[in-house]
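Features of the protein shown, as given by Swiss-Prot:
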type: MOD_RES; residues: A1; note: N-acetylalanine
type: DOMAIN; residues: 31-66; note: domain 'EF-hand'
type: BINDING; residues: D44, D46, S48, F50, E52, E55; note: Ca(2+) 1 binding site
type: BINDING; residues: E81; note: Ca(2+) 2 binding site
Amino acid sequence: AFAGVLADADIKAALAGCAAADSFNYKTFFKSPEEVKKFFAIIDQDHSGFIEEEELKLFLQTFSAGARALSDAETKIGVDEFATMVKX
């Protein structure tokens with residue numbers, strides 16, 4: 001799903017950069033608002049306009065088998081909330 005969007009080196013750097021809770025630096029990872037929307041669309045597999053909990057779990061497991069568990073109690077986020085979360 002990330003072919004043409006992320007290079008292998010970028011994926012490895014992102015995984016290394018977010019190994020600990022609250023350590024992912026989104027300000028340097030996403031290069032533009034369009035890129036944020038691309039990532040959202042990839043994760044939102046049912047195209048509902050929201051990333052539900054199961055979609056996020058599936059994405060994290062696909063992205064990295066060793067991905068840490070989410071600590072947020074919310075069960076879905078919309079594209080605007082996702083963009084705000086990764087930009088702010």
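Positions of Cβ are set from backbone N, Cα and C atoms, glycine also.
Here the features listed in Swiss-Prot are placed on the structure.
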{"residue": "D44", "record": "Ca(2+) 1 binding site", "Cβ neighbours (10 Å)": "21"}
{"residue": "D46", "record": "Ca(2+) 1 binding site", "Cβ neighbours (10 Å)": "10"}
{"residue": "S48", "record": "Ca(2+) 1 binding site", "Cβ neighbours (10 Å)": "11"}
{"residue": "F50", "record": "Ca(2+) 1 binding site", "Cβ neighbours (10 Å)": "16"}
{"residue": "E52", "record": "Ca(2+) 1 binding site", "Cβ neighbours (10 Å)": "17"}
{"residue": "E55", "record": "Ca(2+) 1 binding site", "Cβ neighbours (10 Å)": "17"}
{"residue": "E81", "record": "Ca(2+) 2 binding site", "Cβ neighbours (10 Å)": "14"}
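Here the residue listed as 'Ca(2+) 2 binding site' is compared against the binding-site residues D44, D46, S48, F50, E55, and the shortest C-alpha distance is to F50.
For the domain 'EF-hand' (31-66), residue counts in helix, strand and coil come to 22 helix, 3 strand, 11 coil, using DSSP. Listed in chain order, the extra residues whose Cβ falls within 8 Å of the Cβ center of the Ca(2+) 1 site residues D44, D46, S48, F50, E52, E55 are I43, Q45, H47, G49, I51, K76. DSSP classifies E81 (Ca(2+) 2 binding site) as helix under the three-state reduction.
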